[in-house]
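**Q** Have a look at the structure that comes next, please.
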Amino acid sequence: MKQIIVGNWKMNGLSADADALVDGLAAQLAALSPRADVVVCPPFTQLARLAPKLKQAGIKLGAQDCHKDKSGAHTGDISAPMLVDLGVEYVILGHSERRAEHHELDETVREKTVAAMAAGLTPIVCVGENDDQRSAGDSQATVGWQIEGSLPQGFRGIVAYEPIWAIGTGQAASQQDIADMAAFIRAELVRQFGDAGKTMQILYGGSVNERNVTDILPVEHVDGALVGNASLKADAFVPLVRAARAS
Ligand code: PGA
């Protein structure tokens, strides 16, 4: 399966930085062919400006959240059809930072996932245990519950395993931990969704960088990476794309 490398810019990028980053990505990626799918998820404020540039560079556009409703009295929120209107194709949902800072529950994430699918977006649903859950030996149980609670019936999309203890630390999970969890997630997806679960893409996220990516991407059931810090510089992001399987 073709792998996918997704950049999650989080709350970073004023217009000048965003332009420079996309110009750098476009120039460097033009030299790579064939390559994996590449998605970048800038903050909402940059989506409309960057959409044409990214399209020209063959880079897909993603967002970092959406509301569960199509429209209405939700001050400050952005709906899935609004994202589609701007040319967005993917949306990250249930990132641990949103679960923590915006009190998003599995149920919230599930409702947003339904809305994203209905609008024609590909949801990238994040799951992952925290340090305490890991120390207690509850990593798989936690992720199992999150998958069951966050993915709706008829789910079609991508699942990103992002252990919270690895995000932004510079220290990714070990190859063995990733292999064990990816196999567990695959089994859960097949249990819940039958044959469709066999081909759903599973990503690893959490301190992926140029040094560890060659250990991570070859792991069975890992179909790509969700990348934070290393997506903010073209020189750090492009080597990840280069390391990905193109078929
Ligand atoms: P990181 O972030 O690569 O900076 O650890 C990953 C993420 O939170 O998606």
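Glycine residues also receive a Cβ, built from the backbone N, Cα and C atoms like all the rest.
Just so you know, TrEMBL annotations are computer predictions that nobody has curated.
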**Q** Can you pick which of Gly24, Gly58, Gly168, Gly224 TrEMBL lists for the same substrate site as Asn8, Trp9, Lys10, Ser207?
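**A** Among Gly24, Gly58, Gly168, Gly224, only Gly168 appears alongside Asn8, Trp9, Lys10, Ser207 as substrate-binding in TrEMBL.
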**Q** Please report the Cα separation of Glu162 (active site, proton acceptor) and His95 (active site, electrophile) in Å, rounded to an integer.
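**A** Given the Cα positions, Glu162 (active site, proton acceptor) is 8 Å from His95 (active site, electrophile).
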**Q** The record names Asn8, Trp9, Lys10, Gly168, Ser207 as the residues that bind substrate; what is their largest Cα to Cα distance in Å?
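**A** Value for the max Cα separation, rounded to a whole number: 14 Å.
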**Q** Just going by other Cβ atoms within 10 Å, which of the binding-site residues Asn8, Ser207 has the emptiest spot?
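**A** Sparsest of the binding-site residues Asn8, Ser207 by Cβ contacts within 10 Å: Ser207.
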**Q** Around His95 (active site, electrophile), which residues of its chain at least 6 apart sit with Cβ under 8 Å of its Cβ?
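**A** Spatial neighbours, sequence-distant, of His95 (active site, electrophile): Asn8, Gln64, Asp65, Cys126, Glu162.
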